[in-house]
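For reference, the structure discussed in these notes is given below.
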């Protein structure tokens, strides 16, 4: 049982049969075709040599197949994590140096260790601290940033920067250096890829192609662009005209590599590694959950941490860089019929063959084509509708999203996601710091009590009943005292204050002290303090304090009891 | 009206009469006597020349009297803020240099500006983000740290350090240098002050002294210690024996000083200034609120920010350092009969006279005596009972307090308070991330619904009613979906799921998306999803989304309606 929990592979490998084999093989082939250009492109985005992208897709896929719980997730380099890697490693080493690649290995190792640690501590729920709108805003903004960062490859200029403004300003400053041949290749590739994504499949279907074939041909779009532009560059000798190409890529299986454990390097990469882990985990789990729900399967977030942790440790020792479960490749994998993680193993095999045998073929592949595949991929992630949807529903969520988008574009990805989390939490605290409190009265002829401002209800001059629509804790502890005494100042006849606790889910120690202070002050004024509808868990806790015994009034099980008792006493 | 809001002085100065004058004058004299040694001592704690403590008590008191809303608060240097000042300024300048004093001015200026900014933005409620137990733990730990930091003066050795371990290790390393004469003075002064604090007043009363006289004599205890040890050092020429003394203190009114606005310095002091502002404000407001409640007065936290901000700006321009409302001096001021802030003005006058005329008298005052007054003052703040009280009431609060205490002692005051806040917030998020959800049934013969595990209630096999005891927001959005479907897996006959929203005070956008996903999945299973007892504000918001129209079920005003309707339908 315990082995099966930590090794999900045991649960599916046992019943692996011919049907699964053929489905998984098919998915493996399709995903391999898609991943070859994508892996090279994301390595470029991360500032690493192209082979690093291939290597980062081989061992990690295998390790995830053994330890992961999703049947369709495809693990490897993804756009946002590649950008975060470039940003983190760029701060400790110069791009193109050996130190840069080693720092990327160390980053993957740290990230993997952190994920494993969270997994062993079963802290998968921490991913929930990122709200959906914040994630949506972050991914949209990152998509724009990534697309902007690739423009330089399309234009054939030198440019750099971590924020949208820096990138665009840097490109503008180098605009006179535009290489027109590169631009022609980049522009054609981008246009073709956008067209293929949108129109190729419907076009093929209209021409009478079988659906499966149309599908495969569409997915092979990037491969077609790669082949066409590579051949063009080679045939017309465009390198002479300044077109930048991928160049020499070693023909090799993933090498055995070692991260570096210099204390300075570890200290500098620790925070980025945590950030990459969290963002990668959230992205991966949300993809895995979406796909699992479709097929009525379940994933286990804690075991996912272990699967992704193992994948990153694997990347660190085989020449890769930080990886996670990617959206596009996982959807393709699932659509292509993958039934078990074995599909991933076949993809890994396909990529290993590519690394060993096909790398000389990409010598003349222009960087502009890789940039085009990145731009087309990430712009499909850009979705501003979250701004309108949250605006309609809740201003607080809207503020969190728009701040995340603006900060990510304006100050970079790392600050962006950190401030998204901070703003969500602060807005939640702010909302609960001034809770909604309703004075309630009885709906005539029933035992129900409702807000006096919204419903036509009975009230009594001697009884003030307040329903507190929030848990009481340190953030709002002071609020209640002020509120009660300002209401009392307006209502001189009140002899009993009833606090209706039906929506109070917690009373922490700060709030307990406030309740004691309120009780004390009301006692001095000769006004009773009563509680009603106190939930079981809250009551259990209050009984451990002095408040219940010292209460200048009573605790009623229901508000109806409180009402009838206090009204009857008043009329005696 | 508006002027009176920003200048509380206008509201009390108008009706100022002879009775107030005599009471305030009396309080002013008593507080002056108490403050002379205390101001010198806190300056020593902050690493500043002794006169800085006097200067920091003059202009700030006057400014607070004009802008503050508490009638009893006494503003000036306090122990925790002095320690924080030493820690912050020590990072940018060497103690004893002119740069050190100027950095302290700049710190006061930054802190004052930040407080004014918060005040104009009316953000006084932010002080609530510090929970009571965290504050109690922080003050206890700071008291221990401060007392430990003063030991070196009692022993007459050189020592330093920001954490308890560092301080004790440093003292231990210098223990062979102990100056026995200094130790004799320091030990006698400390013993005398502890004795006077505890036994002098009861003793005098037993000897038949009038209560008022006994009170004044007790408060003059530190002055007596100052006089006795100063005379001893002078008469026996103990400076020759290595006793460190206060030495030359300029005879002057507070000088006009200017903070320095070098960008580097401002950047280095910004975070400490924010921390000092927040801690100072929280300490001051809680003292002011306690005293105001006693006399049935009110304070306005937003205006308090302005009062304290003005006081700190005043300190920055008159040779002082960061100040706030102190606990001990405010209580003494209040007990001594202060009726208006004018009492503070008389104290300021008294201290101005002291600064101008009395400073030559403290030339031979030994540092050990000042250290003794600090130790006795701060050890009265140490109160570990908060640990036991929170342990009894709530483990989460206990964790927050003990972490604050340990981190403050182990890593210093700044990290201590920051982690106290962070831990409180994280524990709150953690608690709400796995909310209590109760399956409820009807209490027979009533319209009440209670937890099936705690009460003897009616249930129906086709209806699953879950009362969610928490607001639904991003932190727990995922939880609900898992919970509902795991309950459904156990209860195959269920045709209707009712979510009772009586304790749901908010549904944010993340939770809305989860509700939509749950609705979608339940629809596919042919199970209805109903909501009951949705609060007005929550319903208003849900109506703006698609969830209400698309709901695979109904929204019932009361749980009783839901129950009777769904049971009736099931039996048709």
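Cβ coordinates come from backbone N, Cα and C, glycine included.
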Looking at A:149-177, A:265-293, which stretch does TrEMBL describe as transmembrane segment?
A:265-293
Select from A:343-363, A:448-468 the stretch of residues annotated by TrEMBL as transmembrane segment.
A:343-363
For the transmembrane segment (A:216-236), what are the same-chain contacts with Cβ under 8 Å, counting residues 6+ beyond its ends?
30, 33-34, 36-38, 185, 188-189, 192-193, 196-197, 200-201, 204, 209, 243, 245, 332, 361-362, 364-366, 368-369, 372-373
Using DSSP, what's the helix, strand and coil tally for the domain 'STAS' (A:453-566)?
51 helix, 22 strand, 41 coil
Between the stretches A:61-86, A:125-148, A:305-323, A:370-387, A:399-427, which wins on the count of C-beta pairs under 8 angstroms to the transmembrane segment (A:265-293)?
A:61-86
State, in range form, which of A:25-49, A:98-118, A:125-148, A:305-323, A:399-427 has the highest count of Cβ pairs under 8 Å to the transmembrane segment (A:343-363).
A:25-49
Can you tell me which recorded stretch out of A:25-49, A:98-118, A:305-323, A:399-427 has the most Cβ pairs within less than 8 Å of the transmembrane segment (A:370-387)?
A:25-49
Under 8 Å for C-beta pairs, could you tell me which stretch among A:25-49, A:98-118, A:125-148 has the largest tally with the transmembrane segment (A:399-427)?
A:125-148
